[in-house]
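Comments concern the structure below.
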Amino acid sequence: MLDLIKKAEETHMLTKDELVALLSTDEFDKEIFEAANRVRSKYVGEEVHLRGLIEFSNICKQNCLYCGLRRDNPNVERYRLDAEQIINFARNARNLGYRTVVLQSGEDDYFNVERMRYIIKSIKELDLAITLSIGEKTYDEYKAYKEAGADRYLLRIETTDKNLYESLDPKMSHENRIRCLIDLKELGFEVGTGCLVGLPGQTIESLADDILFFKSLDADMIGVGPFIPNPDTPLKDEDGGTFELSLKVMALTRLLLPDVNIPATTAMETLNRNGRLIALQSGANVVMPNVTEGEYRKLYALYPGKICVNDTPAHCFGCISGKINSIGRPISKDYGYRKKFIEKN
Ligand code: SAM
Ligand code: SF4
């Protein structure tokens, strides 16, 4: 196994069988995490990029079995911010020192192209990079967001196992998910994708396929997080993913895609109180603190135990910055584009 880790660190290539071998034992986890940390340091450096997350609507027309925002969950109080609130949260994030905001929501058709265009243009005037995470759209809709100034788009593939995906995301097609990612690439977005770890019925082989999919797509950002069962969803009695396996999928992703941006996900911190710092020392280089203000934080409830629901953006910024500095890592002051992306454009 040590030879496989060495090969991954030096060549950034592993076969599916080799990935499966590393994912099947926890005996060499420490070596994998250390190798991923070295690769992170060599390719993307010590700086940690902070992206301010604005959760602007928890209304969703989709019905993903794992997600608390699913259409058929009657136990969530729904909200939708208006454009001025969203722009205001972005302005406050800029004043705190953020250079990027991530606008995330359920698939809420109220936010049509015209409304999104206004929000994107207004936020660009604040000199912020914008990441959108608002689900599956048409090519023309993605094009309109890009023309309005959006820089990046996050759309996790969730799992590359087509049958599993289509059983967990009713009425959504795996082909369409992939079509979206290809359209986004073609339109010149920095594209983020990723997977959930620990979905019911998910195999180690399919996790290996997920990592190889990220590489074949040449994704610019990859978010890996544990699936955490939500008591208000059909998957409430499932086991969910573990912190350790999620961390390992993330670290192997770093070994195979050395220069991409990888967040230390909030879901990891939900399962381990030092989860984000451990992830930052095992291959991650991005953190996405919440900059949504007020009661909305707790209403955007994908899974139970979400961190920081009663905190303010200023508190979160200070808290996470202090933690990051405590492990000897500086906070980046730039927009945090992938280097390869800047060279290409
Ligand atoms: N609606 C958009 C979409 O699905 O791409 C963006 C918002 S969605 C809530 C963002 C991510 O939340 C999903 O990609 C999914 O991986 C994650 N998520 C949903 N339910 C989860 C759960 N129970 N545990 C962990 N992550 C979850
Ligand atoms: Fe909606 Fe996204 Fe949740 Fe699926 S994962 S139900 S699309 S918010």
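Glycine too: its Cβ is placed from the backbone N, Cα and C atoms.
Features of the protein shown, as given by TrEMBL:
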- Cys60, Cys64, Cys67: [4Fe-4S] cluster binding site (BINDING)
- Ser133: (3R)-3-methyl-D-ornithine binding site (BINDING)
- Glu158, Arg177: S-adenosyl-L-methionine binding site (BINDING)
- 46-265: domain 'Radical SAM core' (DOMAIN)
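Locations of recorded TrEMBL features on the structure.
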| residue | record | Cβ neighbours (10 Å) |
| --- | --- | --- |
| Cys60 | [4Fe-4S] cluster binding site | 21 |
| Cys64 | [4Fe-4S] cluster binding site | 22 |
| Cys67 | [4Fe-4S] cluster binding site | 24 |
| Ser133 | (3R)-3-methyl-D-ornithine binding site | 19 |
| Glu158 | S-adenosyl-L-methionine binding site | 24 |
| Arg177 | S-adenosyl-L-methionine binding site | 22 |
Glu158 (S-adenosyl-L-methionine binding site) and Cys67 ([4Fe-4S] cluster binding site), Cα-Cα, nearest whole angstrom: 12
Contacting binding-site residues for ligand 1, chosen from Cys67, Ser133, Arg177 when the Cβ sits under 6 angstroms of any of its atoms: Cys67, Ser133
Euclidean distance between Cα atoms of Cys64 ([4Fe-4S] cluster binding site) and Glu158 (S-adenosyl-L-methionine binding site), Å: 11
Additional residues around [4Fe-4S] cluster, ordered along the sequence, whose Cβ is within 8 Å of the centroid of Cys60, Cys64, Cys67: Gln62, Asn63, Tyr66, Gly68, Leu69, Arg70, Arg71, Gly106, Glu107, Asp169, Leu302
Alpha-carbon distance [Cys60 ([4Fe-4S] cluster binding site); Arg177 (S-adenosyl-L-methionine binding site)] in Å: 17
For Arg177 (S-adenosyl-L-methionine binding site): DSSP state (helix, strand, coil): helix
Inter-residue C-alpha distance, Cys64 ([4Fe-4S] cluster binding site) and Ser133 ((3R)-3-methyl-D-ornithine binding site) (nearest angstrom): 16
Neighbourhood of ligand 2 - binding-site residues from Cys60, Cys64, Ser133, Glu158, Arg177 with Cβ under 6 Å: Cys60, Cys64
Rounded distance in angstrom between the Cα atoms of Cys60 ([4Fe-4S] cluster binding site) and Ser133 ((3R)-3-methyl-D-ornithine binding site): 13
